[in-house]
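Feature annotations, courtesy of TrEMBL:
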| type | residues | note |
| --- | --- | --- |
| SIGNAL | 1-36 | signal peptide |
| DOMAIN | 47-148 | domain 'SRCR' |
| DISULFID | 73-137 | disulfide bond |
| DISULFID | 86-147 | disulfide bond |
| DISULFID | 117-127 | disulfide bond |
| DOMAIN | 177-288 | domain 'SRCR' |
| DISULFID | 253-263 | disulfide bond |
| DOMAIN | 312-411 | domain 'SRCR' |
| DISULFID | 381-391 | disulfide bond |
| DOMAIN | 421-530 | domain 'SRCR' |
| DISULFID | 497-507 | disulfide bond |
């Protein structure tokens, strides 16, 4: 408000306007003071997320007030209140909230009850409630929240001096490892200064109170299983020359945290310009990369790792570093029940496998359901175990089913894989023509990939490299996707992948000597990716229990002969002669996360007049009899004339039925049964001599339909034939036994077939 002084010739005495001005100033001061008091009228609090977490951006809401940590009751809590909590902690938004102590029961006081927020409040203390400490709740009603992963840009952590800081967690916008100039071209970056982003600015951390445990946590965040010593001298020299901007706090990690935000805030650092951190320097870390990410220039690195039979593995994940957790016990792989499964146990798994800490501990069969036994239940880890098998667990898994299989997503190093590959021309980011970045004539250029031999396994690697999930389809013609006209030249040909590679250039290919008779353009390779995939598994028990021999006359096998279901000697056989058939039933279940559907549309299904049905997949299964050295002595195959839901798990509705030219497929949680008395459900062993053999069944052998796991598509049994009778025993699915046991079953480890 402007202050008015009248001119000298005014009729008012000079003392009057001065008194008015003083009065106005006094009123302004009173107004400002009352405003300040109204803000100060709300209690000052600090928040943190605690409890049994499965990811670092979720947890039980804990409030520090009046020198004591306490919890919040779930009565009347809402998503608006969760949004206030998450934003106060520096997250962009809230995803959900959870009542009834989902993240475990807290301790101490229940500070807030009947909380009502509009969502616009800047602090939970500003929301309406019964008042601090006024509650009729128990800790079984403690509320929790799940926040979005994204942090608020420019978020600045403020520790309220009125509250103190005991037990506060680190709350910053971002953390990074800033490499020196000489290390910035190395992939992955494993060493450098630790910096945190607070208030929109990157700041160093004083190393006076920095510990190895702090380094261990930051290394884990960046995908590295551990930390190692380093030469500090060059960093000291660099720190002396470089302008420093320190963060105002130290960090106190115990070492078993999955993320720096779970670490406790240390003491406050006095910021005195150049005199800050006088006895130290900016904190530096050096991390050990896992075996899969070790720099190729690291001489002798491979010798440091002894390749042994692992005790833990991941299955069913689309990306490297994620999947269903499986453990080896008594030579047999089994799963882990998700009771008490948390981010600490998940981090032990991730570090054991050469990754960093866990991003997320997954429950409820989120990475598909396994097969075999459930080996571990109620796992409890300290976080420092070398292996999950060292953690405390309950061997009794009564009540656990594969619907409760535990899984993990691990932090992996930034390798820059996605920068050398792209999809172009698709209708959405998950599909398009595959284009690669390659060096030609001294410069990097984009180009297409030849589609000769291009198939599902190649698509699997592309989708993984781009972080787009599972492969859905592989395309050998892409004329409908325009792509980038400047990238029409073929830069890669002869690509053959096993499906385990991290990048497309790790697959076999022609290198710089490109050979592509069809050329690029409309024949450039393409893919489509998806977030979920089916996973077919054959019941080994059903095969073992239903195997028998049948001698059948040739004249009753005309349709089967026409569909090439008999051995080649049947072509010259007398119509009155008999064929000896090894018959069995097959029950195929979909344990994945999406339905198994034939790739071909119904309009392109092939009609077979003799059997009077359509084939939606010309080759759905291979049946082979192998000698003990793996040589094929008899074979059979089965077309999918009817893919349907024969039976389903309780609570799952059948979706596919073949009658009346209906849609074909296998729903998640359902299985398709081919009975032993159906045509072609056999191997013709008429010409086989008595002896010991392997019976092998392979589902989806040509990888025509993409799945989340192909290793379990193969099944083998030991078989003894004496010329009159047959015995089948020790049937098991590929990948269910240790490598020592499976050495006696050729082909089980790789699932590589003689023809693709």
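Just so it is clear, glycine is given a Cβ too, placed from its N, Cα and C backbone atoms.
From a predicted model like this one, the values you see are computed outputs, not experimental measurements.
For the domain 'SRCR' (47-148), residue counts in helix, strand and coil come to 16 helix, 35 strand, 51 coil, using DSSP. The stretch in 47-148, 177-288, 312-411 that contributes the largest number of Cβ pairs under 8 Å to the domain 'SRCR' (421-530) is 312-411. Residue 263 (disulfide bond) sits 29 Å from residue 137 (disulfide bond), taking the CA atoms of both as reference points. In this structure, of the disulfide-bonded residues 117, 391, the smallest number of CB atoms within 10 A of the CB marks 391.
A gap of 34 Å separates the Cα atoms of residue 391 (disulfide bond) and residue 137 (disulfide bond). Cα spacing between residue 381 (disulfide bond) and residue 127 (disulfide bond): 38 Å, rounded to the nearest whole number. Secondary structure by DSSP for the domain 'SRCR' (312-411): 16 helix, 38 strand, 46 coil. The domain 'SRCR' (312-411) scores a mean pLDDT of 93 in the predicted structure. Ranking the disulfide-bonded residues 127, 263 by how many other Cβ atoms lie within 10 angstroms of each Cβ puts 263 at the bottom. Every protein chain shown contributes to the tally, and the Cβ of residue 147 (disulfide bond) ends up with 26 other Cβ atoms within 10 Å. The Cα of residue 147 (disulfide bond) lies closest to that of 117, out of the disulfide-bonded residues 117, 127, 497, 507. Counting in whole angstrom, residue 507 (disulfide bond) lies 60 from residue 137 (disulfide bond) by their C-alpha atoms. Take the disulfide-bonded residues 73, 86, 137, 497: by the count of other Cβ atoms within 10 Å of each Cβ, the lowest one is 137.
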